[in-house]
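Copied from TrEMBL, the annotated features are:
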REGION    B:1-100  region 'Disordered'
COMPBIAS  B:29-42  compositional bias 'Basic and acidic residues'
COMPBIAS  B:51-76  compositional bias 'Basic and acidic residues'
TRANSMEM  B:207-229  transmembrane segment
TRANSMEM  B:288-306  transmembrane segment
TRANSMEM  B:380-401  transmembrane segment
TRANSMEM  B:421-442  transmembrane segment
TRANSMEM  B:454-474  transmembrane segment
TRANSMEM  B:601-623  transmembrane segment
TRANSMEM  B:644-665  transmembrane segment
TRANSMEM  B:701-725  transmembrane segment
REGION    B:743-824  region 'Disordered'
COMPBIAS  B:743-753  compositional bias 'Basic and acidic residues'
REGION    B:842-864  region 'Disordered'
COMPBIAS  B:855-864  compositional bias 'Gly residues'
Amino acid sequence: QDCTFFTRKEILRLHGRYHEMAPNVVPMDYTKDPDVKLPMQLIINMPELKENPFKERIVESFSEDGEGSLSFNDFVDMFSVLSEMAPRELKAIYAFKIYDFNTDNFICKADLEKTLNKLTREELTAEEITLVCEKVIEEADMDGDGKLGYADFENMISKAPDFL
Amino acid sequence: EDKEEDESKEEDNGSQQNRASRRKNQQRKTRDGKKAREEGSQKKNKGKTASTKDQKESENKEKKTTKRGKEGENKQKKDRKSSTSSASSNSSDEESLSEEELAMLKEQVEQKKKLISTMRNKPWRMVKKLSVLREAQDFVEKFEGALGKGKGKKLYAYKMMMAKKWVKFKRDFENFKTQCIPWEMKIKEVESHFGSSVASYFIFLRWMYGVNLVLFGLIFGLVIIPEVLMGMPYGSMPRKTVPRAEQATAMDFSVLWDFEGYIKYSALFYGYYNNQRTIGWLKYRLPMAYFMVGISVFGYSLMVVIRSMARNANESTADGDDDNFIFSWKMFTSWDYLIGNPETADNKFASITTSFKESIVDEQESNKDENIHLRRFLRVLANVLIICCLCGSGYLIYFVVKRSQTFSKMQNVGWYERNEVEIVMSLLGMFCPPLFETIAALENYHPRIGLKWQLGRIFALFLGNLYTFLLALMDDVNEKLAEEDVVKNITHWTLLGHHNSSAGNDSTVTPPPLDPADVPRGPCWETTVGIEFVRLTVSDILVTYITILVGDFIRACFVRFVNYCWCWDLEAGFPSYAEFDISGNVLGLIFNQGMIWMGSFYAPGLVGINVLRLLTSMYFQCWAVMSSNVPHERVFKASKSNNFYMGLLLLILFLSLLPVAYTIMSLPPSFDCGPFSGKKRMYDVIQETIELDFPLFVAKIFSYVANPGLIIPAILLMVLAIYYLNAVSEAYQRANAELKKKMQMQREEEKSKRNNKASTNPMLQDLEDLLTPSTKTESTLKQAEDKKIESPNGTSPVRKPGRGEVLDGSPMAGGRGAAFTPPSRVFVTQPWTLGVRAPYPGQPGPWGHPLGPVPGRGRGQPCY
């Protein structure tokens, strides 16, 4: 419990949800520490994530093997980080991971374009997208290497008013 | 933490040396302090400075320890060991422990607790967290009992729980509060589809509704309800009775629609009120209340407008300097991770797209340059055209009002003649704004600035309308005043004659009552003015709604359904859908509010009508916008504060204050209607109250205060104060600009610095840690180094080896202590210079290729 921002009850509820998704795979009691993982497909169909444009990325970022399968621990971890109580620093780290589509530890232009397309459902024209991406890089890139490292990202996002 | 290590080794020598333990404590403290600082630095993400500081400190430590020598160290180590183990094993004979040790133990426990409480903030994998946590918990459990603070713990836990609950409650309360904001959801929905500029109108409308509700409460609570409850009933006196000649038609709808008949002689209008000083058993001073409410309506409105302007200005300056990351923030923080509803998600997508478009328009606008001369010429031309329009409409109104006065003298005029003024004004309001808009297209401003120009122009149009209307009304009033004098004499003589005749017959018998309906009466210009305002307001409402219904809804229906069988594409082609006309609507609202302010003194019921109007138009317009309008072609972002609207509102408030003040101060009230009848001027009611209801000295003070000799210096003082404050604010502004510039410079500097030195920070380490579990070893070994410097110890030789050994794959990383160390201690020693990182070849950053440094360890994740 102390590893997350949840109370015991909430964790149990989470487990209920986890169990619900695949009742035949997930055992009800976790005392024996079974090694069970759920595939991404199940996770992203949860109502909490269903509408999220970044659902695949979120799940991938939290899965231990990077392919989107979540063990229960990962699952709880995910909800803990996404919960309201998690501090901004922690969220920033995971946000960076989420936006880093190609997992090269930099948010580069391709990542930005992907993000933008997901955000706007590809309703912007190509030139608008390039304009926005260029602006983003220009704004946030502190070390001038044409992509955003974590330091840039953290610096930028820590000042954002809407980021919680 | 090496304490655990020690503790695990059962070694008990009871000898305790106070000196050693004191030293230990000291060391402990410094380390703690360091730790706190570290954590702070971790948060602040300024790894560099902090780490150098830490280094200095650790160097100090090293010196100390070397001075003491290996021997002493060992001894110290032993001591510590002994103390902790004794605490664990000999917890029964606690009294034997010295105070200091107890304190130390406590500290330790606290530290562990802190670790536990901050555990959730560490971006580790859950598995690691769990193991670390278990260790820590075991420790705490073991020692907490020893310290005998079980009770305290409970209390503490209770406190923590309450704190948590409190936080939750506060959050819930916030949510509740936002839910209580009326129409928030509606407005957000509109905003997501039509952009913030359209939403700003609705927000303004909502604000206006709030203000009007307060005014409504004031007027109804303090004037109308007391009058209805405690005043003389209808029909008891001439001013409250329909005259005999009108009684036949007083209930007809057409008459009521013109606010004549029964409505005219109701509490909705000025004329109904009696000039009795006090009414009812409460001795409620109605005329006084009427006067004060009339004043306070203006006072409250002024206060509210100015306050909200000030707040807006504050807000706009508060976050004005944070516009460095517009696009980045939009990109990374606009999605709301709580959205789970497909419809909301749709809205959110729409709103994100709109907001991006807004910013793009801004961006494009800012780096556009074209032929300046042509544009300047076009702008001048447009202004000339618009001024012509304004003059024309002003004259037209004046003409119509004049004509209507002649009509009003004639009997049985038609419906058109009676409503000519309203019709003409509404038509002007309908056709001039689009005309202006077409002319404004010549100017090619940024839409936001264009909107302001448009607003200003239409405002001028309405203002012209309003003022010509007022002038005409004044003519009317003056005529009525002249007429009143005549009637007054007649009434006087009639009543006198009546009295005389009755007195002649029998002085004891009361005069046979003259029916109130038969008493000849004056024209009561105040009620006339009130009726005029009410009529104008109502016709304005109707025209607005009909315009929306026909111009937007019917058109949208037509376009939508006839499109299937039409020869060209209606949706894309000529009629298409209507856009939401922000400027027109905003000004309509402002103008309407001006009418309310002016008219509310003469027709107290007017505010009630306005409240209804705002309420319905909120729903109606929201519906109309969502159902039948299309977003603007260029969605633009409204300026954050709608101070421009507020400025216009303030202007019109001031302008509407003028005529009311003029009538109060310099026109005599009607002699036979209204609360001030019989007085020379309306404000006499104050003097009367002061003289009759207050002790004498108040009247004296009042007369002193009202002395021009005092007022003029006061005004002078205020002017001086304004001048001074203005100067101060200017100075502040300059300082602000300077600071902003400095910050910008700093940013640049930082940028260039970062270019040179790729600095690391603790957060990076955590991230790295997260990216691959295998890199855990790295931090561990750093820790080991750390420890080596900080408190070299002989007990765990495994920890001593430096980085090189671990790189070779020393097994130490798997040790218990490794997983155990709180991460905050990780970054104590070395400022991460390039030299240290040298062993990792070709790495762009410290965590460039997490797999690189320690291949083969951990689980080997293919994805990374």
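Heads up, the Cβ atoms here are built off N, Cα and C, so glycines get one too.
Put simply, of B:288-306, B:380-401, B:421-442, the stretch with the most CB pairs closer than 8 A to the transmembrane segment (B:644-665) is B:288-306.
Using the rule of three or more Cβ pairs under 8 Å, pairs at least 6 apart in sequence, the transmembrane segment (B:454-474) is not in contact with the transmembrane segment (B:601-623). Below 8 angstroms of C-beta separation, residues 211, 214-215, 218-219, 222-223, 226, 273, 597, 600-601, 646, 649-650, 653, 657, 660, 664, 675-676, 682-683, 685-686, 689 of the same chain, each at least six residues beyond the ends of the transmembrane segment (B:288-306), sit close to that stretch. With a cut-off of 8 Å between Cβ atoms, the residues of this chain six or more beyond the transmembrane segment (B:207-229) that come close are 267-268, 272-273, 279-280, 282, 284, 286, 289-290, 292-293, 296-297, 300-301, 304, 308, 589, 593, 596, 600, 604-605, 607-608, 610-611, 614-615, 618.
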